[in-house]
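Here is what Swiss-Prot records for this protein:
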COMPBIAS  22-41  compositional bias 'Low complexity'
COMPBIAS  153-164  compositional bias 'Low complexity'
COMPBIAS  241-255  compositional bias 'Basic residues'
COMPBIAS  318-327  compositional bias 'Acidic residues'
DOMAIN    173-234  domain 'SH3'
DOMAIN    252-316  domain 'SAM'
MOD_RES   Ser27  phosphoserine
MOD_RES   Ser34  phosphoserine
MOD_RES   Ser42  phosphoserine
MOD_RES   Thr61  phosphothreonine
MOD_RES   Ser97  phosphoserine
MOD_RES   Thr103  phosphothreonine
MOD_RES   Thr112  phosphothreonine
MOD_RES   Ser113  phosphoserine
MOD_RES   Tyr116  phosphotyrosine
MOD_RES   Ser120  phosphoserine
MOD_RES   Thr318  phosphothreonine
MOD_RES   Ser320  phosphoserine
Amino acid sequence: MLRRKPSNASEKEPTQKKKLSLQRSSSFKDFAKSKPSSPVVSEKEFNLDDNIPEDDSGVPTPEDAGKSGKKLGKKWRAVISRTMNRKMGKMMVKALSEEMADTLEEGSASPTSPDYSLDSPGPEKMALAFSEQEEHELPVLSRQASTGSELCSPSPGSGSFGEEPPAPQYTGPFCGRARVHTDFTPSPYDHDSLKLQKGDVIQIIEKPPVGTWLGLLNGKVGSFKFIYVDVLPEEAVGHARPSRRQSKGKRPKPKTLHELLERIGLEEHTSTLLLNGYQTLEDFKELRETHLNELNIMDPQHRAKLLTAAELLLDYDTGSEEAEEGAESSQEPVAHTVSEPKVDIPRDSGCFEGSESGRDDAELAGTEEQLQGLSLAGAP
């Protein structure tokens, strides 16, 4: 009886094994085989302008199994790049079509419609459509930007909202003047300090005890340090003020503290001053900056007005006293001239006595000369 010899796959001939491995590699598209990278292929991977024919399926046939793996890898890379390009193009066109849906005409076919298939125009036509949509979108964006700029930028005739109307210039009162002896340039971030130049004259508005004063220079109100200035004496100006007031015929001196505060528009501080001992104008003349700090009057304009009023009141009183003294001194010579006839009588007699004694001395001198002449004549 004949027995069949068992077959073993491992005992096959080498030629059969080689053919079997070749068939397997061609059936599985040779994915496991390493592909050499080419710089030319990498540059064309995601190029939308790459023209690949539509009828080329890219699937290798059994006749191409004997060709080199390099050519097979290039074909598969081209197929993959074409598929990716189409997917990316679909996504970009879909996004643009959604944005431009309101502006496009009705009835225009959308690339994302169900009629769109793989047989649609190639990458070149898709790139052309994409560029046309970009050109169509640019004018819309430019119009939107122009309208936005027109809304944001004000017209030449209308005033801008950011600019504030200029504040009125401060006109007083002032509590003194000071001349700058040292140049000082403030920081560009410090908008409250004054730029000082040697020789400038500052009108002082307030002199707080901390050392940073408030003044007016070149039409600008700002702060400055007292170490850069020398305070100018105000005595001459203070004495001249009453005369100017009298010459101009202004209102006379107030009689009460309440009347004074009404004139300078600070009636609100009347009760504060009265409760702290400033009940008369004589008391108000002694008002100083330290007293204002004790009274908790911190408004710079109110402080300047009160201090200026106190100084003017003091100057007014001192000027009136000096005027009275001058009037008295001018009246004294008149009194002396009236009393001169009574007082000059004994003085005249005294003068006569002096003249007689002088006359006697002259006579004695004459007699002595005569005696000398006689003695000379009698000599041999």
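Positions of Cβ are set from backbone N, Cα and C atoms, glycine also.
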Roughly how many Å lie between the Cα atoms of Thr318 (phosphothreonine) and Ser97 (phosphoserine), rounded to a whole value?
93
Counting by DSSP secondary structure, give me helix, strand and coil numbers for the domain 'SAM' (252-316).
44 helix, 0 strand, 21 coil
Could you tell me the mean pLDDT over the domain 'SAM' (252-316), as a whole number?
82
Which of the three DSSP-derived classes (helix, strand, coil) applies to Ser97 (phosphoserine)?
helix
